[in-house]
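Participant: Below is one structure. I have some questions about it.
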Amino acid sequence: MAEQATEGPKQPASGRGETRKSSCLQEESEALEKNGHDAKRLKVDQEEQNKRHPKRKVVLLMAYSGKGYHGMQRNVGSSQYKTIEDELVEALVQSGCIPENHAEDMKKMSFQRCARTDKGVSAAGQVVSLKVWLIDNIMEKINSHLPSNIRILGLKRVTGRFNSKNSCDARTYSYTLPTFAFAHKDHELQEESFRLGQETLEKVNELLALYKGTHNFHNFTSQKGPWDPSAKRYIMEMHCEPPFLQGGLELAVIKVKGQSFMMHQIRKMIGLVIAVVKGYAPPSIMQRSWGEGKVDIPKAPGLGLVLERVHFEKYNRRFGNDGLHESLDWAEEEEHIEAFKKAHIYPTIIQTELEEKSMAGWIATLSIHDYDATSQEQNVVNHKVEAAAQSDDGGDSD
């Protein structure tokens, strides 16, 4: 008896092809569905994250030693020069305070800094504003991803429209320098053994006090002519504090408070006073420096410059006591600020000065500057050309 067939009739080749095609389409559909589910799940996770930790506008109080960094401001897409903000943004992402895509486009977190400190410049009271997820132990987590020479010392909630740069009324900087910078070029020691006398300190303060008020500081920066309105800056206070010994070096601290400063302005203000005290330039150069003529002003080294604090008087008056927001005065953080300066800023200034002799080397160049006025008419022409050819955003840099 014939063996009973156990298989059905064979499908034609085209039928098998249709089956494979159908299978592929089903796999693609499943893959698309899976990807859709993944995207939807990510979106749901993101929404859940926002519900658990809604984004809120805050300010961070920062302290950092600027040595080894190319200033504060980040240049997205450029890894050639490391900045303070590169470190900060990376720490914000790693700690879970902001989504990763905010690191590539900082506008998404409404990021703004009070001042764009230059290469090598440190800060004890920098303030940045941004929107973050208010996760638990947020400051501790951010600091765990930062190097020890960059710290978040305070965090406060602010209004949704707060902008740390535009809301800032004034900035206070300090400039720490070895006191031998004030030794007269002809009569006194030009080295670490020099000690600053009371008479010289008073002379320094008399000169620094001349800067107070509104002056035309076009000679104290680049790319600005005497008729540029943004060259006029208001200085509220400037003085030199009594000297102190640290690390075997006598130091003095110059404090200056102003509404805002242009690039290199503070370093040139101090450089000119040093040139006068040392006897390289006449005292009359101070008044002449904010006139229309071009004046050759030496620029002191950037090593000792520190952003001490930023001021928000108007904001504090309006929102500091409204019951919802805190006053931005940082009195409670003062102890931590001083501790950071003693641990990271002052030692860096002293060690670098002793090893690299930045101030001593700069002092040696003071004699090559031309402190005498040149042709007033030619200077006016030169400034007109500069003003027409150059532009500047007028932002803070020092």
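Cβ coordinates are placed from backbone N, Cα and C, and glycine is handled just like the others.
In case it's useful when we look at the structure, here is the feature table from TrEMBL:
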- 1-56: region 'Disordered' (REGION)
- 31-51: compositional bias 'Basic and acidic residues' (COMPBIAS)
- Asp118: active site, nucleophile (ACT_SITE)
- Tyr173: substrate binding site (BINDING)
- 209-313: domain 'Pseudouridine synthase I TruA alpha/beta' (DOMAIN)
Participant: Summarise the domain 'Pseudouridine synthase I TruA alpha/beta' (209-313) as counts of helix, strand and coil residues per DSSP.
Facilitator: 26 helix, 33 strand, 46 coil
Participant: To the nearest Å, how far is the Cα of the residue listed as 'substrate binding site' from the Cα of Asp118 (active site, nucleophile)?
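Facilitator: Approximately 13 Å lies between the Cα of the residue listed as 'substrate binding site' and that of Asp118 (active site, nucleophile).
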Participant: Would you count the other CB atoms within 10 A of the CB of the residue listed as 'substrate binding site', including those on all shown protein chains?
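Facilitator: Around the residue listed as 'substrate binding site', other Cβ atoms within 10 Å: 28.
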